[in-house]
Amino acid sequence: MSAPRVGVLALQGDVREHVEALRAVGAEAVLVRRASELESVSALVIPGGESTVMARLARVFGLFVPLQQRIAAGLPVLGTCAGMILLADSILDPAADGEGVPQESLGGLDVAVRRNAFGRQVESFEADLLIAEDPRPVRAVFIRAPRVERAGPGVEVLASVGEHPVAVRQGSLLATAFHPESAGELRFHRALVAQL
Ligand SMILES: NC(=O)CC[C@H](N)C(=O)O
């Protein structure tokens, strides 16, 4: 059997680390910058970076609507950090609260996430988290990370920091507020590819 083709949305962010993680779990990694590339993959990683920039570039590259359509049609997707924000149906942004236009997301995941949720003092930190049913903790690297503030009934919480979910799954969508790829953590990529 040939290796599954898994895309990495390559508009901005930590694309290379995800390409390496996908190769390490036996997938063929494909950079996705245009709709034809998106069509050629059977799963997708949306990396960490800056969600506002990624959303804007997705519009510029004609990818925004095709991404929404494939996600709605059941494409398996792993979103990390900014990728989690882009998958969320609703985005709460401390900078934009009470004013302005809400930030646009692709949606698909029935959660509300707050951007940059861990405050200024601890913009970046690492933590060992237990993931549902797995005795080995995950080394989680949080970089100006979001967290889930509301999760719908169909959302399975895989890990939390305090009361706040930071890794979730709903159907074919997996999302982490942290960066598994920068700690050499491969379980999420493996879980993505296992769906194929
Ligand atoms: N490491 C990250 O992906 C940070 C996410 C970023 N703070 C955003 O809002 O998009």
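Yeah, the Cβs are placed from backbone N, Cα and C, and that goes for glycine too.
The feature active site, nucleophile is assigned by TrEMBL to Cys81. Of all Cβ atoms in the shown protein chains, 31 besides its own fall within 10 Å of the Cβ of Cys81 (active site, nucleophile). Cys81 (active site, nucleophile) falls within neither a helix nor a strand when secondary structure is assigned with DSSP, and so counts as coil.
If you take the C-beta of His179 (active site, charge relay system) and look for same-chain residues 6 or more apart in sequence within under 8 angstroms, you find Asp14, Glu17, Gly48, Thr80, Cys81, Ala140, Val141, Phe142, Ile143. In the three-state DSSP assignment, the secondary structure recorded for His179 (active site, charge relay system) is coil. As annotated by TrEMBL, active site, charge relay system applies to His179 (among others).
Glu181 (active site, charge relay system) counts 29 other C-beta atoms within 10 Å of its own C-beta, drawing on all protein chains shown. Residues annotated as active site, charge relay system in TrEMBL: Glu181 (among others).
Under the heading L-glutamine binding site, TrEMBL lists Gly49, Glu50, Ser51, Arg115, Ile143, Arg144. In three-state terms derived from DSSP, Arg144 (L-glutamine binding site) belongs to neither a helical nor a strand segment and is classed as coil. Using a 10 Å radius centred on the Cβ of Arg144 (L-glutamine binding site) and all shown protein chains, the other Cβ atoms total 16.
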Problem - Of Arg115, Arg144, Glu181, recorded positions neighbouring ligand 1, Cβ under 6 A - result: Arg115, Arg144
Exercise for the section: Please state how far apart, in Å and to a whole number, the two most distant Cα atoms are among Gly49, Glu50, Ser51, Arg115, Ile143, Arg144, the recorded L-glutamine-binding residues. Expected result: 13
Exercise for the section: Going by DSSP, give the three-state secondary structure for Glu50 (L-glutamine binding site). Expected result: coil
Problem - Gly49 (L-glutamine binding site) and Glu181 (active site, charge relay system), distance between Cα atoms, whole Å - result: 13
Handout entry: Which same-chain residues, if any, lie at least 6 apart from Gly49 (L-glutamine binding site) yet have Cβ under 8 Å of it
Key = Gln12, Gly13, Asp14, Cys81, Ala82
